[in-house]
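Taken straight from Swiss-Prot:
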- ARG22, ARG180, SER181, CYS182, ASP183, ASN191, HIS221, ILE222, TYR223: dUMP binding site (BINDING)
- CYS160: active site, nucleophile (ACT_SITE)
- ASP183, SER282: (6R)-5,10-methylene-5,6,7,8-tetrahydrofolate binding site (BINDING)
Amino acid sequence: MKQYLDLCQRIVDDGKWVNNERTGKKCLTVINADLTYNVGNGEFPLVTTRKSFYKSAIAEMIGYIRGYDNAADFRKIGTSTWDANANQNQAWLDNPHRKGEDDCGLIYGKIGRNFPKPDGGSIDLLAKIIYDLKNGIDDRGEIFTFYHPGAFHMGCLRPCMYSHHFSLLDDTLYLNSTQRSCDVPLGLNFNMVQVYFLLAIVAQITGKKAGMAYHKIVNAHIYEDQLELMRDVQLKREPLGMPKLIINPDIKSLEDLETWVTMDDFSIEGYAHHPAIKYPFSV
């Protein structure tokens, strides 16, 4: 929690104003932030200075794992995070590749689970990673990536957190996640949960011990219409104790995640928090 608040304060104190063409808004911006989560010790990085909806963040990551490309599918598993980008982004509404209401196009897991090969066909990056890790293999390239510049024009949004690199030392699994851009007031509390969850669940289904997760953000920013709430409300609140994430131990395979897992398979203990803050969302 401290590292999150330190980053927020750093942006407020040291950030530079940058005009964002996509949203038409100014962003207070810093370059490079590194956060670390001790997954092995169960230190769940859920924001306490406002109410955070961790199940929506986990649902979104499970949607990526399943390769979803439709906002309706994300809604069915418990998150509405793709509604606006699918249906209110004018550039996407005008895009000939859009297939209709709720279509997101080639986003995140749709790319990562079907990464195109230059000679035809595709690679299921995640299935390869899970197979290797279960068999004690780390080829120093166990990377689940969503980043394909050749497909950007075929999706409603380029991936923000675009790469998840797993590493195995002895029987302990580590994760390095890289994020090109981060809306810190709205997105980071989700992204922290997702990095933690991804390492925790992959360690569980591969039979490994979870170690540390390392989260690199390149462009960290606060939008101009979020600044007052962050500076004058959230940063004035005292952080509370760290909760614990409980994952159903019956989840034992990638197939389980793809088929029967629901948000009922996840819960938290000891989550005390301040009231919610409704930050503006920029499409």
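Even glycines carry a Cβ here, placed using N, Cα and C.
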So SER282 ((6R)-5,10-methylene-5,6,7,8-tetrahydrofolate binding site), by the Cβ count within 10 Å over all chains shown, scores 17
Of the binding-site residues listed (ARG22, HIS221), the greatest number of other CB atoms within 10 A surrounds the CB of HIS221
Smallest Cα-Cα separation from CYS160 (active site, nucleophile) among the binding-site residues ARG22, ASP183, HIS221, TYR223, SER282 is shown by ASP183
Quick note, ASP183 (dUMP binding site): same-chain residues at least 6 apart with CB under 8 Å of its CB -> HIS221, ILE222, TYR223, GLN226, SER282
Same-chain residues at least 6 positions away from SER181 (dUMP binding site) with a Cβ under 8 Å from its Cβ, in sequence order, are CYS160, ILE217, VAL218, ASN219, HIS221
